[in-house]
């Protein structure tokens, strides 16, 4: 297989990958609620990079503080080299653990462990009593920082929307400069503290990024790719749909991503169950990946940048700049410029491509080092600070600018892109191992070379030649990766041998274009945790400030400015994230239900435009009639809870529930308030009948219906009203069979009321009010199971009174739409029933149940994924379909007979 390298970036593999990249729907992230939240969590992950940048500049900045030099007796040579290298040594020790933890227990656990170790290391360094404690603190910082730094970008790349992956992952490593900038400007504020806290404060503040990250990491979504690798498919789909599709599981982009991830990882696992480091040597494509990973680590850290980051004190002294109040602002200015350039380049990484940025950056570094070498040699001869000393500062800054064009951000982003899932964590470990090895080598040898070479410019000349060699490697071996998804990039390296699933986006779109939007069950962060985190940050910083002897006003100003900028941001984000975007049930129902006062009942009746029935009470009731009353009460309480929460969201103008005009808002609220009151009357009427026969009233459950916008809420309402219309038909039949004629007439009128509600919901969707001439029939058992799917386990006080248990849930993953095709479902089979004894039974309209055999059955433990034919054309199966997995193929004459042999149900879907 030919490899597409360097100037030949349009060879067959690269061209094929670019040609096959999916044309996914373009989205604007700030207009999408799911993506707004996702990129807040992305910012939390990026803290790891800023933390590394903070440490990368902290020791260098500390060297510019006179009190630090005095405390450690002006370390030079190997002693200074060990102080610098101790962080990298700690990182190297951690490397074997990161891929093992990340692949086995998830991407988030290494971040949590790393933050804990960084907090300990920061405290150890800040309160050190001697050189050894300081070095030990840096060892812990390196160990913990490496855990977080290696896992965070992997998780970041695996949760990002495909459209934004390149930009977001490139920005990740750019924030190294942000951490470096923070330490530079904090040092400017603390350098005048007249004691050791001028440098100890820099060290203790290292713990705050880790505190922030560990406070928020619990709510960052886990990698869908990792979840799929552990066969936790529903969780993976929930996360993808919640963030990439605003809760819609049938969004085209979500379905494309989910299918490609699932099928590709499945193929990788079939190809090789477990990955190892030897895999990098087994194929030509993997050897090519390995060469690029090693080169990324070396070039990014051994191109003179480490010399400027860790030894600027020596460099500034050699330029004739010796005052600390000049060195620290120079460091801060250079870092700020690097940050601006790096982030700007990251924003254009998908427009210009990766390879052009690498080439521009590396050519620039060669030219800047060449110029610095010339000016440095002139300064050593003349010692003229103005003519040859200060110009060196210009070239040091320009080197930082050109380096930041590519190597700040693309170091991590490019590494992530070229690696397949099963090698991603291990590949990142190899890249980071090379980074730390290059840093250890540079940090230990740079000061020795600086002191022992005949002239300082000799070292810059060596770097000039070395960077030119790096440029040749970049030109001939770095390829363009812009465009394809993470899975499809494997084609560039592996050609025909690539383990990549082929998912046709156009086919996906055809399959879902007539599919009802299905909302995810994923639930996110409550606001109290975000608010408490903000309070914790302020409290801990003030406590730390009290330990400083005679702090200056500048020190207090730095702390206050930091927190009064950060706190409003965190509190504002907490409001956006914590708004009740999920419509959840309330244990306390509105208007005094279950036992309203006379005035509350009067309010309900006024809102409902009618009163409770006052006709004669039935003299007797059948056993089936009791169950029916209980089911009507339970269903009505569910709807009361649902509509009450929906009204609250609209009234509070929660994001996702806002309308173009106040008139629209008031029109919708007035309709929902009538429907809410009607459901409240149904609860009261059903419980009154139960009480008349000496049966305890039904009490509310707590429900969780995670929708995040008005349209999704109305779709849920449509589906459950369809179910209610079906089950009320069953209830009428039960009453008629039991001679409960009074109740039968009442339920018949209730069916009419439900039909009117359904018409209103459909008008809200822009559809005709009436869907079908004969709505789908149902059964009490199916309705009971449907409601229980939304009830929080253990929260229903009366569930034991029903003569049946809820069925195992049947999850409908894919439907063919308004055509004949296969339905894809998943369910749990604790009985291990033979595949040949399982059938898919469809209940649609007033027709006899339709039975089809299960096909393509895949079992993982008790979890079953299967397909079954959906014969749309043969039966005109429009409207609500109730699907059930049954243990016989019938024949069935009604839905009640289906419930007798049902294993998993109900799977609900609507075709309009």
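Glycine too: its Cβ is placed from the backbone N, Cα and C atoms.
What TrEMBL says about a protein is an automatic prediction, not a curated fact.
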Kindly point out the range from 55-75, 139-159, 223-243 that TrEMBL annotates with transmembrane segment.
139-159
Looking at 252-270, 271-289, 290-308, 309-327, which one is transmembrane segment according to TrEMBL?
290-308
I'm validating the feature mapping. Which of 3-23, 171-191 is tagged transmembrane segment in TrEMBL?
171-191
Per-residue pLDDT averaged over the domain 'Major facilitator superfamily (MFS) profile' (41-482), given as an integer:
83
Remote residues contacting the transmembrane segment (109-127) - C-beta distance under 8 A, at least 6 residues beyond either end:
45, 48, 51, 90, 97-98, 101-102, 133-134, 136-152, 155, 200-201, 203-207, 209-211, 213-214, 217
Tertiary contacts of the transmembrane segment (328-349) (same chain, 6+ residues out, Cβ under 8 Å):
57, 60-61, 64-65, 166-167, 170-171, 174-175, 177-178, 180-181, 184-185, 187-188, 191, 308, 312, 316, 321, 357, 393, 396-397, 400-401, 403-406, 408-410, 413, 482
Chain residues in Cβ proximity to the transmembrane segment (139-159) (below 8 Å; excluding those fewer than six residues from its ends, i.e. six or more beyond):
38, 41-42, 45-49, 51-52, 55, 86-95, 97-98, 101-102, 107-111, 113-122, 124-125, 165, 168-169, 172-173, 206, 210, 213, 220-226, 239, 243, 412-413, 416-417, 424-425, 428-429, 432, 436, 486
With pairs 6 or more apart in sequence, are the transmembrane segment (290-308) and the transmembrane segment (428-445) linked by at least 3 Cβ pairs under 8 Å?
yes
Take the C-beta pairs under 8 A between the transmembrane segment (428-445) and each of 85-102, 171-191, 457-478. Which stretch has the highest count?
85-102
Residues from the same chain, set at least six apart from the ends of the transmembrane segment (85-102), whose C-beta lies under 8 A from its own:
55, 59, 109-110, 113, 121, 135-136, 138-147, 150-151, 154, 226, 425-426, 428-429, 432-433, 436-437, 439-440, 443-444
